[in-house]
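Worksheet: the structure to be examined is printed underneath.
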């Protein structure tokens, strides 16, 4: 109780500190469901984004497009990694038990993901616009190294914008013994006029993140889309590529997940002077914050659903890992001689039986070997479409989303 009066608090925060813990059975049931959903989302987000990073970073040819997706997945992975701690906060009764330093770090990861996502989506839209509007310039300057440099600059800018949220984040004890991890606008240089300082700082943070992390990226995305559409219409091209559909899906998810959070942040800033908004802001912010967290879970699903090649690579990567584990386990019970003979048989079978011959024999079992060889000598033009599609798939670019 003594700790509550030691720190100067803003009026809104003082009101939140006095709120008792709810004892309604229906609300407790909602809390249990919320903990379950957040736990599943945290597990799903970690697995999804980890797999996307592995596939895009290790299994696909590195292009400018894969560079953007790689950094977006890294941002989402950071947010997903912080979600289990938020789930623990909900599970122990909405009380932060992990200390002040980790409170600052956990909140900073949330805002870092917010800024990084907005900045990276803006860069992707500008990159697409330059490809269409300035193709010669893009061909000369658009490289993977340049894309990585741009991403590093955007990460630095996101970290810079996250600093105020790290500075003003604090742990505040409640009246009922629980601990809040929230803004304390009077934590640093409170000044003589408490109400003015709280109102100014809260509005400055809410408006700045609304503009820099939401409105400005949306304006860049919209203007880039208009420029690309006009240029393609002028050239007589109306085809929508996979990468365009992927970006559109990510932008829609970004708006739906982050839009409500920014609206309630502005309401919270307004609630310092308009007391009637305080209950609405305090009730709605936890829900929209969870919705913003779920954006890091939705994005990997969009990558897989929009790009079939991503799903193919993901399946093949999982199959390769599983096969390696099973082979290692079976090798433990066999001697080195048997392992060598088994590898030799695999090499011999792969060299003596080409894949195309197996496919042809499977497709045309009625052909005898002599007739099959004669039929194959007529030329590759008569090969089954199944064989040609597989060869084209191997030779094609792995970054199918550029089309």
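Cβ from N, Cα, C; glycine included.
The model shown is predicted, which means the values in this text are computed figures rather than measured ones.
Noted in Swiss-Prot for the protein shown:
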TOPO_DOM  1-34  topological domain 'Extracellular'
CARBOHYD  3  N-linked glycosylation site
CARBOHYD  21  N-linked glycosylation site
CARBOHYD  24  N-linked glycosylation site
TRANSMEM  35-55  transmembrane segment
TOPO_DOM  56-71  topological domain 'Cytoplasmic'
TRANSMEM  72-92  transmembrane segment
TOPO_DOM  93-104  topological domain 'Extracellular'
TRANSMEM  105-125  transmembrane segment
TOPO_DOM  126-147  topological domain 'Cytoplasmic'
TRANSMEM  148-168  transmembrane segment
TOPO_DOM  169-209  topological domain 'Extracellular'
TRANSMEM  210-230  transmembrane segment
TOPO_DOM  231-245  topological domain 'Cytoplasmic'
TRANSMEM  246-266  transmembrane segment
TOPO_DOM  267-284  topological domain 'Extracellular'
TRANSMEM  285-305  transmembrane segment
TOPO_DOM  306-403  topological domain 'Cytoplasmic'
MOTIF     329-332  motif 'Involved in the recycling of CRTH2'
MOD_RES   330  phosphoserine
REGION    332-353  region 'Disordered'
MOD_RES   349  phosphoserine
REGION    384-403  region 'Disordered'
COMPBIAS  393-403  compositional bias 'Polar residues'
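Beyond the transmembrane segment (285-305), the same-chain residues lying 6 or more positions past its ends with a Cβ under 8 Å from any Cβ of the stretch are 34, 38, 41, 44-45, 48-49, 51-52, 69, 72-73, 75-77, 79-80, 83, 86, 110, 113-114, 117, 246, 249-250, 253-254, 257-258, 260-261, 263-265, 268, 311, 314. Beyond the topological domain 'Extracellular' (267-284), the same-chain residues lying 6 or more positions past its ends with a Cβ under 8 Å from any Cβ of the stretch are 10-12, 15-16, 19, 195, 198-199, 202-203, 205-207. Between the transmembrane segment (105-125) and the transmembrane segment (35-55) there are fewer than 3 Cβ pairs closer than 8 Å, counting only residues 6 or more apart in sequence, so the two stretches are not in contact.
When each of 72-92, 210-230, 246-266 is scored by its Cβ pairs under 8 Å to the transmembrane segment (35-55), the top-ranked stretch turns out to be 72-92. Nonlocal intrachain contacts for the topological domain 'Cytoplasmic' (126-147), taken as residues 6+ away from its ends with a CB within less than 8 angstroms of a stretch CB, comprise 62-64, 67-68, 220, 224, 227-228, 231-232, 243-244, 247.
Across the topological domain 'Cytoplasmic' (56-71), DSSP classifies residues as 12 helix, 0 strand, 4 coil. A Cβ distance under 8 Å defines the sequence-distant neighbours of the topological domain 'Extracellular' (93-104), meaning residues of its chain 6+ beyond its ends; these are 21, 31, 85, 166, 169-171, 174, 177-181.
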